[in-house]
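To start, the structure under review is shown below, and the notes come after it.
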Amino acid sequence: MPELPEVEVTRLGLLPHITGRRIVRAVVRHHGLRWPVDPALPELLAGLTVTRLLRRGKYLLIECVPEVEQSGRAADTVGGWLLIHLGMTGTLRVLETPVPPGLHDHVDIELAGATGVHVTLRYRDPRRFGAVLWHAGDEAGLAEHPLLRNLGIEPFDARFDGDWMFARTRGRRVAIKSALLAGDIVVGVGNIYCSESLFRAGIRPTTAAGRISRPRYAALADAIRATLADAIARGGSTLRDFVGSDGQSGYFQLEAFVYDRAGLPCRACGTPIRQIVQGQRSTFCCPTCQR
């Protein structure tokens, strides 16, 4: 499943290709994703211009606004946001030349630039666990969308630090890994990067969240940011289906300290990496380096 780094890599890859372009048309071939695609989406998008491409957690947010100076548009035309979640196998690709759609290519958005050159933003999702949703309105209203309003703080937000984590885990008996995956303390730290961050901080993933000290949370906050930044710089992790918007695979997984390295020697101390199961998810850790 694409995690925060993979979504951010996708955002950065799409940014120069779609911002400032006008949507010529949209084609929805399959409406049955995790949540149904609005049948009116092609009509809602036609003529709007992409002005911003943001990320909130694992959601891509594409701002689409009307060109008010354009003649012939209805006076009540409103802009809004596309909310896109890649699910487990979703990808977004920019096509600069026509490519016939495949079986799993569900949504195409054709965009025109100032020079008239068209590109196509194509959403592909073999397992259909992703989402392409429309939210009419401004950014303030978007923040209250049911899928976004309860998300935790962004890991690169200046407010996110050890004090933030310490204050929000007092009295919690749940294991720290499970607490991080819940997404209400900090958003976007999925299974891969959770194992990696806990290793970098030297914290055993089964430790109760409420028993971790303030200094150790400071180390964990730093480890989370460093791990995610490294993953973004390396193009994310390619475990099964993920590729960036240019079709290239990420390679963070090749340099992982613990993830998917069960039985192999720890890169720091040589102890065999241990694999356990927490909440039906595989966890990897070093029994010597993490305590």
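Backbone N, Cα and C define each Cβ position, glycine as well.
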Per Swiss-Prot, His104, Arg172 bind DNA; matching candidate in Arg127, Arg149, Arg159: Arg127
Between the candidate ranges 12-46, 187-221, 257-291, where does Swiss-Prot place the zinc finger annotation? 257-291
Who sits close to Arg281 (active site, proton donor): which same-chain residues at least 6 apart have their Cβ under 8 Å from its Cβ? Leu181, Asn191
Across all chains shown, how many C-beta atoms besides its own are within 10 angstroms of the C-beta of His104 (DNA binding site)? 16
Positions whose Cβ lies under 8 angstroms from the zinc finger (257-291), at least six residues beyond its ends: 175, 177-178, 181, 191-192, 195-196, 198-200, 202-206, 239
Work out, from DSSP, the number of helix, strand and coil residues along the zinc finger (257-291). 0 helix, 12 strand, 23 coil
